[in-house]
Amino acid sequence: MHKKYFIGTSILIAVFVVIFDQVTKYIIATTMKIGDSFEVIPHFLNITSHRNNGAAWGILSGKMTFFFIITIIILIALVYFFINDAQYNLFMQVAISLLFAGALGNFIDRVLTGEVVDFIDTNIFGYDFPIFNIADSSLTIGVILIIIALLKDTSNKKEKEVK
């Protein structure tokens, strides 16, 4: 018998991430002009006010109807997977919560303003990474956690087959 995990923790994670994402974007949008930047960690991290009406790296710029439809489908799918497949896997619940929060955070921006507020500007190993936000970070961490969970699950299944 597997332990069924408390979904309240996952809901709290999602709510916290969405609130943190929206508050940080609000602060940037109301205190900085687009293009304004200040250095936080020399040669590594800047806060730069930027807007993006596309997806990562600006792809599909201006395709708002597409983003609305896809995001709604993704949010519904994440709730479905959370309810049906993640009840007994806390790691997967956290991953899905982070994906949900990230998708919702950027969706809120698109609905309210038609663009996403980005502000985290990094230079990693000499690569000037595209400017992103908390929602994007949440999506990235969620994807990484799902990959880890799937690899772990595959590894556990192989171990059981050997025994």
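Including glycine, each Cβ sits where the backbone N, Cα and C put it.
Swiss-Prot annotations:
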type	residues	note
ACT_SITE	D118	active site
ACT_SITE	D136	active site
TRANSMEM	11-31	transmembrane segment
TRANSMEM	64-84	transmembrane segment
TRANSMEM	88-108	transmembrane segment
TRANSMEM	131-151	transmembrane segment
(request) With H, G and I counted as helix, E and B as strand and the rest as coil, say where DSSP puts D136 (active site). (result) helix
(message) Let me spell it out: take the transmembrane segment (11-31), skip the flanking residues so only those 6+ beyond its ends count, and list any with a Cβ under 8 Å from a Cβ in it.
(response) 47, 49, 94, 97-98, 100-102, 104-105, 108-109, 117, 119, 133-135, 138
(request) Note down the number of other Cβ atoms within 10 Å of the Cβ of D136 (active site), including every protein chain shown. (result) 21
